[in-house]
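These features come from Swiss-Prot:
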- Asp51: active site, nucleophile (ACT_SITE)
- Tyr109: substrate binding site (BINDING)
Amino acid sequence: MRIALVVEYDGSQYHGWQAQTGLHTIQQAVEFALSKVADSSISVVCAGRTDTGVHATNQVIHFDCEKDRSIRAWIHGANTFLPKDICVKWGKEMPENFHARYSAVSRRYRYVIYNGAIRPGLLRGNVTWQYRQLDHRLMQQGGQCLLGENDFTSFRSVECQSNTPMRNIHQLQVTRHGDLVVLDITANAFLHHMVRNIAGVLIAVGSGKHPVGWVKDVLNAKDRKLGAETAPSYGLYLVQVTYPKEFGLLQNNPGPLFLWEK
């Protein structure tokens with residue numbers, strides 16, 4: 001039996017998603033909880049391996065288990081054993097050809113910036129703080145040259161292990177909601193640190209450090225050294241993973257909860 005679950009987590013206190021010996025990770029916490037419910041060892045596969053400090057409102061995972069458990073039992077049972085900053089939101093039994101990572105057709109991230117003179121208290125760890133005034137309209141304008149299929153060498157980390165730098169960005173929007181500036185981006189897949197490097201470049205444009213046309217120059221250069229500083233991890237959220245309709249996976253509100261839909 002193959003089960004898919006949608007997981008939400010605050011990544012502030014974790015060394016990313018992927019299990020690593022001697023480190024506190026999301027995957028290890030999730031597998032521990034599910035193994036308790038199954039009364040046997042469970043290994044999970046996720047849609048997107050988020051980095052240290054990165055959050056998710058709708059991470060999708062799958063696992064195989066022969067134990068007879070209802071979806072309700074998987075959800076509520078796992079939540080009993082999970083720490084308070086991780087929860088399972090939704091679940092469904094899936095066909096054997098479903099794969100949380102390889103069946104996905106797109107991933108959507110939101111990068112949230114608190115743009116105010118004083119650093120935030122309540123939202124610390126959940127937003128990136130920029131005290132310099134950002135013009136979200138310039139950021140929006142600059143980001144449009146990244147749409148479509150491009151070589152994103154300038155926006156990948158030096159540790160990126162992907163075989164190709166080619167990625168297809170489906171949509172990119174930068175909006176302002178009071179003191180919050182939100183980068184909303186969807187692509188078929190993302191390179192290591194790609195969203196944070198895009199955010200860094202757009203922040204440089206929004207603050208007036210570079211002109212709008214510089215974004216295109218960075219893209220064309222295919223050289224990571226010519227881009228901006230990588231934006232911090234703690235403003236980044238994996239908010240949606242899209243699959244073919246045949247799998248019938250629910251599309252939840254992207255979130256995070258302190259944002260509102262426009």
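Quick reminder: no glycine exception, Cβ is built from N, Cα and C everywhere.
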Which of Asp51, Tyr109, the listed recorded positions, has fewest other Cβ atoms within 10 Å: Asp51
The residue listed as 'active site, nucleophile' - helix vs strand vs coil (DSSP): coil
Inter-residue C-alpha distance, the residue listed as 'active site, nucleophile' and the residue listed as 'substrate binding site' (nearest angstrom): 13
